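Residues or ranges marked as domain 'Glutamine amidotransferase type-1' in Swiss-Prot: 19-212. According to Swiss-Prot, the feature active site, nucleophile maps to Cys96, an assignment based on sequence analysis. The active site feature in Swiss-Prot is assigned to His186, Glu188; the stated evidence is sequence analysis. Per Swiss-Prot, domain 'GMPS ATP-PPase' is recorded for 213-402. Among the features that Swiss-Prot reports, ATP binding site is placed at Ser240, Gly241, Gly242, Val243, Asp244, Ser245, Ser246, with the record citing sequence analysis.
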Amino acid sequence: MQKERVIMTNISTLNDVQKIIVLDYGSQYNQLIARRIREFGVFSELKSHKITADEVRAINPIGIILSGGPNSVYAEDAFGIDEEIFELGIPILGICYGMQLLTHKLGGKVVPAGEAGNREYGQSTLRLRAQSELFAGTPEEQVVLMSHGDAVTEIPEGFHLVADSVDCPFAAMEDTKKNFYGIQFHPEVRHTVYGNDILKNFAFSICGAKGDWSMANFVDMQIAQIRETVGDRKVLLGLSGGVDSSVVGVLLQKAIGDQLTCIFVDHGLLRKGEGDQVMEMLGGKFGLNIIRVDASKRFLDLLAGVDDPEKKRKIIGNEFVHVFDDEASKLKGVDFLAQGTLYTDIIESGTETAQTIKSHHNVGGLPEDMQFELIEPLNTLFKDEVRALGTELGMPDEVVWRQPFPGPGLAIRIMGEITEEKLETVRESDAILREEIAKAGLDRDVWQYFTVNTGVRSVGVMGDGRTYDYTIAIRAITSIDGMTADFAKLPWEVLQKISVRIVNEVDHVNRIVYDITSKPPATVEWE
């Protein structure tokens, strides 16, 4: 019988913590709004647009932000809002679709896309037409990112115009008596030059935030909630060798001690020497109770002949839980499975309002007959926040700054069918890449880096002989939160050294290419 996910971060229980909630209307990047607010030291989290006024009262936020989204307020299936929320006396900021929704519900007028020729996509110059607390400290003209088809043509009673642009007569509006604000652009993205200032003004000047949220608060909150949720029952944690599951392990140990059993599944898709390193770091240094399971044959047999990336993820996710079932059957009274799911995993796997980019191993690969309830203590955090959490928990840099590693392991860094030969090329080339990046002192500057077996063979010459071997791609990116990323501009001499070493030291490889694609349009991983 399937059991439901346990939502570990329920901010309605944080009675002593100020929070600003963001209502989700479907933008793939609306969680960045919550992230920006958190950067100011104010707790924030995405909530469904279906939230009721009573639920908002229970959460007791100091502010509400209505996010952007792709819908029109005139669509039959348009996302709405419980209008009683407008009567709660809580400051509201509507962004893009959020501004249009605010206008539509409060008696203004929104013109559908194309009717007035007022579409705006890309950077635009915003012109302030009135003084506003929301724009305090920003210039009269500023560059913002617009992304809208529909537009406001009449603002509701009680509001006044704050800013416009060449193609948008009402780019910002406010009703200072009710503390309602609307902006047609996106302050959460870095293309809006003064976006952080605008969000900060809303949080502090308008909502009265104190900025006293910290990772220490998060640790205390999660430990308390884990203890309340788990009680005297037992938890299994799957260790993948990555940062996320390692941080979850230390957090759970602090919360419930020996009620935690960690299962480290060696699925045969790990990096070079990873299995022994996991046991030494987490079992030895931190004293976690770890059961190591060699299930490599089970996984590799199931993956034989499979080249579709989604099928790979599903197979690995399913088998991972089945291995857990097998191991859990040997233990008594285990009710929970803990995972290192991050906020970015949840968003990319699709929410109620946003489409799926790809299924994540911690989100979309679980079978319907799973026998555990899920505990996901990190599912409101971004990767850099997980590192900060690890530091707060006293974990050393060698663990906290370990390269991110997906649950499916090297399976999604091998294009096409997985073979032992391909696995070995990725293991060895990845080890060389990590070693040379560290030698160059770039391991803190480059957010993530790894190698990929592209599955492409090409002709080469080594010695006096012709070769026909694999092409290895190097992927290295810079990022802040993993939601957007640029390819890392690695020094040529470093790339050259990496390339020379790989083709000379790794069998069956004769060509190296460098991935210079940003995210978007690409994702970080190749599959």
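Quick reminder: no glycine exception, Cβ is built from N, Cα and C everywhere.
The active-site residues recorded for this entry are Cys96, His186, Glu188, and the Cα of Glu188 lies nearest to that of Val243 (ATP binding site). Note: the CA-CA distance between Asp244 (ATP binding site) and His186 (active site) rounds to 30 Å. Nearest to His186 (active site) in space, judged by Cα atoms and limited to the recorded positions Cys96, Ser240, Gly241, Ser245, Ser246, is Cys96. According to its DSSP assignment, Glu188 (active site) is coil. A 10 Å cutoff on Cβ-Cβ distances gives Val243 (ATP binding site) a total of 24 other Cβ atoms nearby, all chains included. The C-beta environment of Glu188 (active site), restricted to residues of the same chain at least 6 apart in sequence and closer than 8 Å, consists of Tyr29, Asn30, Leu32, Ile33, Arg35, Arg36, Ile95, Gly195, Leu199. Reduced to three states, the DSSP call for Ser245 (ATP binding site) is helix. Of the recorded residues, the residue listed as 'active site, nucleophile' and Ser245 (ATP binding site) place their C-alpha atoms 36 Å from one another.
Sequence-distant contacts (6 or more apart, same chain, Cβ under 8 Å) of Ser246 (ATP binding site) comprise Leu239, Met281, Leu282, Gly390, Met395, Val399, Arg402. Under a cutoff of 8 A between CB atoms, and with a sequence separation of 6+ in the same chain, the neighbours of Ser245 (ATP binding site) are Leu237, Gly238, Leu239, Gln339, Gly340.
Within 10 Å of the C-beta atom of Gly241 (ATP binding site) sit 23 other C-beta atoms, taking all shown protein chains into account.
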